[in-house]
Amino acid sequence: MTALSLLQLHTDNMAPTDMNMMSRITFYEDRNFQGRSYDCSSDCADLSTYLSRCHSCRVERGCVMVYDRTNYMGNQFFMRRGEYADYMSMMGMSDGIRSCRMIPMYRGSYRMRIYERENFGGQMYELMDDCDNIMDRYRMSSCMSCHVMDGHWLMYEHPHYRGRMMYMRPGEYRNFMNMGMSNMRFMSMRRIMDSYY
């Protein structure tokens, strides 16, 4: 059997939802989907390679995290399928999108340990579901580091999923300041569920 026929056999047996698991976004230089465009279906550390600026976008499928600085740094914004004709005024971005990261669809269990201080110091609690206020639930004044074991999460600066946010995928995050989030403490966390897709 050739590689091509193996690939065809594999795709024939995939469920329709499996075929759309890849995120896809189109960026436009100007507001209202005008100007040059760039189609993206993978992480991009520097969009200026393709566009001189980026002021609107369409998320055609999946979920995407966009950043106002290159290399996935700076303020982050979560985007799900939809049209964003002028996201700069919608989201309060002072500059355009500079980088983006695709969020893969995930259907397993969710597990994350949050720590009160950097380098996994202070109080530690394990989350398996959304938490709208770590102060109310755990009597924790802030979260300064975390270890994501399973799933993909959004962490928010304020309770009730408000304020600046950060996308967390499986891994250890010893110090949020190293990720371009100086003076940032997280007070609520939410799972990125398959229903967002």
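If you go along the chain as it appears here, the first residue is 1 and each next one adds 1.
Glycine is no exception: its Cβ is also placed from the backbone N, Cα and C atoms.
Taken from TrEMBL, the feature domain 'Beta/gamma crystallin 'Greek key'' applies to 23-61, 62-104, 151-188.
Residue counts of the domain 'Beta/gamma crystallin 'Greek key'' (62-104) by helix, strand and coil are 5 helix, 25 strand, 13 coil (DSSP-based). Per-residue pLDDT, averaged across the domain 'Beta/gamma crystallin 'Greek key'' (23-61), gives 94.
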